[in-house]
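Asker: My questions all concern the structure below.
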Ligand SMILES: Nc1ncnc2c1ncn2[C@@H]1O[C@H](COP(=O)(O)OP(=O)(O)O)[C@@H](O)[C@H]1O
Ligand SMILES: CC(=O)N[C@@H](CCC(=O)OP(=O)(O)O)C(=O)O
């Protein structure tokens, strides 16, 4: 039997709230078994960029990453946010190791080709170094990924954190029974986005298509759900979306997604 591995992604609204981040990291550090954390931090990059006089341009929830914004996100994602999270995990006896995709060649990508829109230095993932990640896990380390990859020719690339989480889960799917958790500020995928009690507890391919047609899945939830099904179609066992409370054994209110 394959060992289990949990891959958790925390959303921007959790990472940018000190109290919530602290609460989340305490829950995460207590999780049993092999685990990997992926964090975004787009909101903070936008804020810090602004202070530096660099305006952020977003299209469909994706950042147009020119040379200047690549410098900002490298400082914010791979530097400030990643190292803060790692230090907080160390304080909770979790032996975390911070990584971008360039570190240990853990995530290889290529610059997204220009079609209708030029996303600049945005990376589409080609592969994950599952051998190295597996070694790190066996050594008792907990990898913490920021939203950056590289092209193997010296170019760092900006890759959406939801995508990093699903690609890492897929890459490790042959060696591990992988569960992917998307942890954000809401209780799950909601029927009515303004009502946190309207959680849809189970989504499969048929319900997904219905929800898309009804326009219930919108904005940031569109690429997140696409990532969920991409992961499930490529060997990931289970995907869950919800508030951090879903990490505790007794919380039942979150969304589980299967094919
Ligand atoms: N049906 C839905 N259920 C929950 N959230 C939804 C739904 N449709 C759209 N959303 C929006 O999607 C957002 C989550 O996407 P995003 O901000 O990209 O996530 P993250 O915080 O993980 O980066 C929510 O904050 C919410 O505003
Ligand atoms: C290409 C692209 O858009 N990358 C994202 C990476 C950060 C991210 O995904 O952060 P959240 O999960 O907090 O949204 C960005 O720069 O905003």
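Every residue, even glycine, has its Cβ placed from backbone N, Cα and C.
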Asker: From the candidates 129, 158, 187, give the one listed by TrEMBL for the same substrate site as 41, 42, 63.
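Answerer: That substrate site, as TrEMBL gives it, pairs 41, 42, 63 with 158.
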Asker: Taking 41, 42, 63, 158 as the record's substrate-binding set, what's the max Cα pairwise distance in Å, rounded to a whole number?
Answerer: 12
Asker: Quick one: which residues besides 41, 42, 63, 158 have a Cβ within 8 Å of the substrate site's Cβ centroid, in sequence order?
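Answerer: For the substrate site the neighbour list reads 40, 45, 46, 65, 73, 76, 77, 147, 160, 161.
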Asker: Return the count of C-beta atoms lying within 10 angstroms of the C-beta of residue 224 (site 'Transition state stabilizer'), excluding that atom itself.
Answerer: 23
